[in-house]
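Here's what TrEMBL has on this protein:
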{"type": "ACT_SITE", "residues": "B:Asp7", "note": "active site"}
{"type": "BINDING", "residues": "B:Asp7, B:Asp141", "note": "Mg(2+) 1 binding site"}
{"type": "ACT_SITE", "residues": "B:Glu68", "note": "active site"}
{"type": "BINDING", "residues": "B:Glu68", "note": "Mg(2+) 2 binding site"}
{"type": "ACT_SITE", "residues": "B:Asp141", "note": "active site"}
Protein chains: 2
Amino acid sequence: MRVLGIDPGLTRCGVGVVDGSVGRPLTMVDVGVVRTSSGLPIAERLVTIEKGLDAWIEEHRPDAVAVERVFARSDSSTIMGTAQASGIALVVAARRGLPIAMHTPSEVKAAVSGNGRADKAQVGAMVVRILRLTELPKPADAADALALAITHLWRGSASNRLEAAVARAKTQQSQQTPVRTR
Amino acid sequence: MRVLGIDPGLTRCGVGVVDGSVGRPLTMVDVGVVRTSSGLPIAERLVTIEKGLDAWIEEHRPDAVAVERVFARSDSSTIMGTAQASGIALVVAARRGLPIAMHTPSEVKAAVSGNGRADKAQVGAMVVRILRLTELPKPADAADALALAITHLWRGSASNRLEAAVARAKTQQSQQTPVRTR
């Protein structure tokens, strides 16, 4: 299973592609950022992000997309741009019918490092170990996108198996349901 | 000049089309909302908004699009969805190369009613008068979209004339600049 992690942002949108299957080590396929210039109108920047993310999906054909969930409680001045960029990421993935998951920063920290309050350095060190890299990709947005993809592969595989089991159970149940007659 | 006003929202995205030219009364062409169900995943809702807004542009062929500027300081629980919807609105317009303006709620109030702190009822009453309607379109998001379009036609035409004058002046200046020789 191949997952594209997206850490949305208006200036730097982190993107990371990770391959994984149950019981095997995860592999980094590619990592980078989609950048837009702060000097351009916001609408143009969002179109650049749309095209950039579309190109990543086109090239790497992920089976699922994991996007960081953005919260209003963040008091950053860039939060509106981040929310807009996340909206574009969701649309780009949904238009292609890809399964989408959103993970909060603390879910990512917990999945990758075992601690929902881990700091950036701890999460980064674990990303390097999990993907057997020689160093942490830069900028931080790129590394965060990899952490999102790892989170999705680890959390997603459990919930995917659960969903598959539920779907099987429902199919069996419907097959057992006697046909009603008037 | 035809302007499409968009009041972004995840559940109801207000849309209003207004025709106007200098020295003539404005005319409402169409008004409505693009709705999405709160029961659907957010990515699907954003795709519905994208398709809905695209269909409005396709049908009415506006010369410009006016989108409400969203602020983080709003403490509404829906602010993230509103920001994401506004991002989609900007991308849909920018992809088609349409000029885009963003107006704040107080700019809209000031333009339509002459008072940047006017309440909803005052702004609504002015929208009815300006467009010579028999009643205010509902829901409020639809009426707000008309107010945005009016704002753009009135503010935009002034700044457009200014820009045109500046461009003319620059052209004249460059024509007067003597050709430099070594």
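Note that Cβ sites are derived from N, Cα and C of the backbone, with glycine treated the same way.
Just so you know, TrEMBL annotations are computer predictions that nobody has curated.
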Cβ-Cβ neighbours of B:Asp141 (Mg(2+) 1 binding site) (radius 10 Å): 24
Secondary structure at B:Asp141 (Mg(2+) 1 binding site), reduced by DSSP to three states: helix
B:Asp7 (active site) - helix vs strand vs coil (DSSP): strand
